[in-house]
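Enquirer: Please see the structure below; I have some questions.
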Amino acid sequence: MKTLLLSLVVMTIVYLDLGYTLKCHESENLDDHVVCEEDETMCYKFTFVPFRDFEIVARGCSASCPEEKDVVCCSTDLCNK
């Protein structure tokens with residue numbers, strides 16, 4: 001009986017995909033965040049400075065880290081501050 005219950009628990013976890021979902025900031029307002037899609041395992045922060053003393057920051061989820069100069073990636077919840 002115990003073996004049957006253990007098997008059912010394992011099957012439930014496998015089939016329901018109780019996996020971890022990443023949360024990333026997505027705007028200038030650090031109180032806002034988004035739950036990433038299953039294939040998006042990285043948070044990114046892209047900083048663009050078109051003019052002196054003027055900065056544009058983009059944040060969000062990504063499946064991989066772009067190899068751009070001003071992109072910082074991380075893989076824990078809300079790490080892209």
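Glycine too: its Cβ is placed from the backbone N, Cα and C atoms.
Here the structure is a predicted model, which means the values were calculated and not measured.
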Enquirer: Swiss-Prot annotation: C36 disulfide-bonded to which of C61, C65?
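Expert: Matching partner in the record: C61.
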Enquirer: Swiss-Prot annotation: C24 disulfide-bonded to which of C43, C65?
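Expert: As annotated by Swiss-Prot, the paired cysteine is C43.
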Enquirer: Between C74 (disulfide bond) and C36 (disulfide bond), find the distance joining the two CA atoms and give it rounded to the nearest Å.
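Expert: It is 13 Å, counting Cα to Cα.
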Enquirer: Among the disulfide-bonded residues C24, C73, C74, point out the residue whose Cβ has the most other Cβ atoms within 10 Å, with all shown protein chains included in the count.
Expert: C24
Enquirer: Please report the three-state DSSP label of C43 (disulfide bond).
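Expert: Looking at the DSSP assignment, C43 (disulfide bond) belongs to a strand.
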